[in-house]
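*Asks:* Okay, so TrEMBL annotates it like this:
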- C86: active site, nucleophile (ACT_SITE)
- H176: active site (ACT_SITE)
- E178: active site (ACT_SITE)
- 203-395: domain 'GMPS ATP-PPase' (DOMAIN)
- S230, G231, G232, V233, D234, S235, A236: ATP binding site (BINDING)
Amino acid sequence: MDAAHLPDSILIVDFGSQVTQLIARRVREAGVYSEIAPFGSAEAAFQRMQPKGIILSGGPASVTEESGPRIPQAILDSGLPMLGICYGQQALMQQLGGEVQAGDAGEFGRAFIAIEDTCVLFNGLWHKEESHQVWMSHGDKVTRLAPGFRPVASSPGAPFAVVADDERRIYAMQFHPEVVHTPDGSKLLKNFVRHVCGLSGDWTMAEFRKTKIEEIRAQVGDGKVICGLSGGVDSAVAALLIHEAIGDQLTCVFVDGGILRMGEAEQVVSLFRGHYNIPLVHVDAATLFLNGLAGVTDPEAKRKFIGKTFIDVFEAEAKKIGGADFLAQGTLYPDVIESVSFTGGPSVTIKSHHNVGGLPERMNMKLVEPLRELFKDEVRVLGRELGLPEIFVGRHPFPGPGLAIRIPGEVTKERCDILRKADAIYLEEIRNAGLYDAIWQAFAVLLPVKTVGVMGDHRTYDSVCALRAVTSTDGMTADIYPFDAAFLSRVATRIINEVKGINRVVYDFTSKPPGTIEWE
Ligand SMILES: Nc1ncnc2c1ncn2[C@@H]1O[C@H](COP(=O)(O)OP(=O)(O)OP(=O)(O)O)[C@@H](O)[C@H]1O
Ligand SMILES: O=c1[nH]c(=O)c2[nH+]cn([C@@H]3O[C@H](COP(=O)(O)O)[C@@H](O)[C@H]3O)c2[nH]1
Ligand SMILES: NC(=O)CC[C@H](N)C(=O)O
Ligand SMILES: [Mg+2]
């Protein structure tokens, strides 16, 4: 969106760091609107946005190489406040007349910096002669400052850990303030946007809502939009936002691929229809999905098939309403970063989220994804802002590929039915114990492993069910939920007694990383 329609903003120039989105998030937390632009299109974004300040991200390249990306000259000459982070610092120093050396040994992970001088970034936070924990990830280092800069903090591996040029309002640091392992990092970024850029910090989710509504109107025009609605918070928020923007040009489509949880289809459809007057089509596509999944055991193959089949169903439904130009999804940032790199940078594919990496190459409809930059907890705030009932806002996430990625090996209707029963018991016990809201996500997994048991003096030879429950704020990292043994034993007993086909229950103790939340 152009400057006339934007609040005061910060432009984040992305040099390909894994954590650039976290910079945007911290800036939003400081109450300031920001946009990320890959370095190649940063100049155009700069002209369009007319931001009040610039943040330069980290990145995997080296400024000592010819091919290393550079800060666009127009940005460098703009006279605006700038903050360089890691690669951003190195690029600033090199382009402004300092020196950077390719290192043979860097600093990775926790480091401590010594504060040597006062600096506006440290206001109310850090004082001379103190030492503070930060998070480093660099091989190269600045060896000579550009004219006009003074050092204000150092670490053993980075003599110029933080540098300042107060006259030009340019600051730079070797460490990453945007990650939680730099405990005071968000405050440093807040000091930059508030006290260096002079922004008041009055931007809120209410503003985000307004900006996005204008963006959706500009993108969609008088076209028709189909929105994949799952009952999850992301698609519910996307649907409400789009409905607010374009009203009856929107039709929602809920797909039941036979891989949903117990009673979920009926629940979602009646809840949504009960609360909203937005057209909702309920498609029963169980045969299509389950037939296509027959014989498929590879996790990525499952995900790709499901992603493509969702699109087939959306396109068929679009035809029935006389065609649609756009497909809306509640895609969030973690879906994107795990599937593909945000700006074509170097991050690797962990798993193809069905709505991003699982999409077919050719699509007839263009995507509308208003939540693509947000994290789940931010979407929940936006949902409340839009008046979405708590029953949607507080729901545990449930992945589009559903039970298919919780049944390692072949997915059949019979195995889905078994898993549905076990999962329902587990969730019921969690609700009864009052633990639902303390847990980010909880579910059962049906393993392709059979073990021997004894029930009523009979020998059994049945499947193993694994229970998973994690805590998290954004799904990017997660910890296991520490149930007490009595609770787990109660759930295990109920599942084994009540679900035919399962004779053993185990609990998954793996955090993320190294595990992922889903098993596939
Ligand atoms: N059963 C479904 N029918 C239609 N669209 C779906 C379905 N499942 C997923 N989608 C689409 O895929 C997107 C991504 O799914 P995802 O599970 O990440 O989000 P969500 O279901 O909206 O929220 P949550 O993460 O809380 O479950 C959804 O926002 C929605 O647009
Ligand atoms: O809509 C989705 N489509 C997918 O393909 C998908 N894969 C994982 N997830 C959800 O994302 C979060 C992180 O999961 P992982 O740690 O397994 O990657 C967890 O909340 C998962 O449930 C998905 N959601
Ligand atoms: N995280 C970064 O930005 C790293 C910058 C540069 N690639 C280095 O190794 O120093
Ligand atoms: Mg979901």
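We number each residue from 1, going along the chain as drawn.
Here the Cβ of each residue, glycine as well, is placed from N, Cα and C on the backbone.
Note that TrEMBL annotation is computational and uncurated.
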*Asks:* For ligand 3, list the recorded positions among C86, H176, G231, V233 whose CB atom is within a distance below 6 Å of it, in sequence order.
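*Replies:* Listed by sequence, the hits are C86.
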*Asks:* List the same-chain residues at least 6 positions away in sequence whose Cβ sits under 8 Å from the Cβ of H176 (active site), in sequence order, or say none.
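*Replies:* In sequence order, S17, V19, G58, I85, C86, V134, W135, M136, S137, T182, G185 meet the Cβ cut-off.
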*Asks:* Measure from each Cβ of the recorded positions C86, V233, A236 to the atoms of ligand 4 and list the residues where some distance is under 6 Å.
*Replies:* none
*Asks:* Beyond S230, G231, G232, V233, D234, S235, A236, what residues of that chain have CB atoms within 8 A of the centre of the ATP site's CB atoms?
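*Replies:* Those within range, site residues removed, are L229, V237, A238, G330, F392, R395.
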*Asks:* Relative to ligand 1, which of the recorded positions C86, H176, E178, S230 have a Cβ found under 6 Å from one of its atoms?
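*Replies:* Passing the 6 Å Cβ check against ligand 1: S230.
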*Asks:* Between G231 (ATP binding site) and E178 (active site), how far is it from one CA atom to the other, in Å?
*Replies:* 32
*Asks:* I'm trying to understand the geometry here, so how far is the Cα atom of G232 (ATP binding site) from the Cα atom of E178 (active site), in Å to the nearest whole number?
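*Replies:* Spelling it out, the Cα of G232 (ATP binding site) and the Cα of E178 (active site) are 28 Å apart.
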*Asks:* What's the CA to CA span in angstrom from S230 (ATP binding site) over to E178 (active site)?
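*Replies:* Here the two Cα atoms lie 32 Å apart.
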*Asks:* Compute the C-alpha separation of D234 (ATP binding site) from E178 (active site), stating it in Å without decimals.
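*Replies:* Here the two Cα atoms lie 24 Å apart.
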*Asks:* Counting across all protein chains present, how many other Cβ atoms fall within 10 Å of the Cβ of E178 (active site)?
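*Replies:* Excluding its own Cβ, E178 (active site) sees 27 Cβ atoms within 10 Å.
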*Asks:* From the Cα of E178 (active site) across to the Cα of A236 (ATP binding site), what is the distance in angstrom?
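*Replies:* Distance (Cα to Cα, whole Å): 29 Å.
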*Asks:* Could you say whether, by DSSP, C86 (active site, nucleophile) belongs to a helix, a strand or a coil region?
*Replies:* coil
*Asks:* Report the mean pLDDT of the predicted model across the domain 'GMPS ATP-PPase' (203-395), rounded to a whole number.
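*Replies:* Across the residues of the domain 'GMPS ATP-PPase' (203-395) the model's pLDDT averages 91 on the 0 to 100 scale.
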*Asks:* To the nearest Å, how far is the Cα of S235 (ATP binding site) from the Cα of E178 (active site)?
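*Replies:* Each residue's Cα considered, S235 (ATP binding site) and E178 (active site) end up 28 Å apart.
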*Asks:* What same-chain residues, at least 6 away in sequence, bring their CB to under 8 Å of the CB of V233 (ATP binding site)?
*Replies:* G330, K376, V379, R380, G383, L388, F392, V393, G394, R395, P397
*Asks:* Under a three-state reduction of DSSP output, how is S230 (ATP binding site) classified: helix, strand, or coil?
*Replies:* coil
